[in-house]
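Accompanying notes for the structure given below.
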Ligand SMILES: Cc1cc2nc3c(=O)[nH]c(=O)nc-3n(C[C@H](O)[C@H](O)[C@H](O)COP(=O)(O)OP(=O)(O)OC[C@H]3O[C@@H](n4cnc5c(N)ncnc54)[C@H](O)[C@@H]3O)c2cc1C
Ligand code: FES
């Protein structure tokens, strides 16, 4: 898939709580064609201001091609994400996109999507793409508290949505792997994105039940295009592999569990 370097305009930044922000961006007509993007892919965002040199990788959270609109869910963790979530509406943002591979969805009829923290971002795009094909996915979202499980209304319109929270405020008390749906539900594919420890636990359960599972890794990245090797993951049978170009989505069986 061709990569583009484009200047988007920030339409709005919505404070979702718990340090999470939804950035709505639009591509002005003079920037040309709105690129094709698929669930699982990410963008490299240049941080305006010149204090943060490296672009920051952020998953594509939703795309509305007709409106030339792209959504990013950004968790504020350091300087780069602080700048990105404090921009004025109308600011310009330089994005390199679309990067990375995509979730495999061909022939899948009964998917389970599991997201934790800002790892729910690619799950919204994935849920939307299933819904557009007439498939209502099962969705399981986990967070520390109710406030940490964001964009719930959007997920609920797209799929049968379940929750877990560490605090017990919303859904099942505990982690996503404590939810009965993961133990009892019949699915032909599980997709997961979130903290690595969560993805490994989900992957182990999926593999034990014989359900195919894809994980989306969020390894630290610099270039995002396969040039610096700082994102490598040591995969089963493949050795060191660039997550930015070969991933970020991998079959869970390739991920070393220890
Ligand atoms: C493919 C991919 C998709 C991503 N999608 C999203 C997304 O949709 N939304 C989002 O908010 N974030 C996402 N991230 C993580 C995001 O890129 C980092 O949080 C961001 O680069 C941090 O930049 P910073 O300058 O704010 O923080 P820094 O100053 O660089 O770091 C601050 C703290 O965050 C930690 N950190 C930095 N990068 C990561 C990371 N990749 N994973 C875990 N901890 C990290 C650092 O170790 C440090 O403790 C994604 C990462 C990858 C690789
Ligand atoms: S981030 Fe540079 S090679 Fe992957």
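Even glycines carry a Cβ here, placed using N, Cα and C.
Caution: TrEMBL annotation is automatic and unverified by curators.
The [2Fe-2S] cluster site in TrEMBL is built from 223, 228, 231 plus one of 193, 244, namely 244. The number of other Cβ atoms within 10 Å of the Cβ belonging to residue 244 ([2Fe-2S] cluster binding site), over all protein chains shown, comes to 26. Taking CA atoms as the reference points, residue 244 ([2Fe-2S] cluster binding site) and residue 81 (FAD binding site) are 19 Å apart. The Cα of residue 223 ([2Fe-2S] cluster binding site) lies closest to that of 57, out of the binding-site residues 57, 59, 80.
The binding-site residues considered are 58, 223, 228, 231; of these, 228 has the fewest other C-beta atoms within 10 angstroms of its C-beta.
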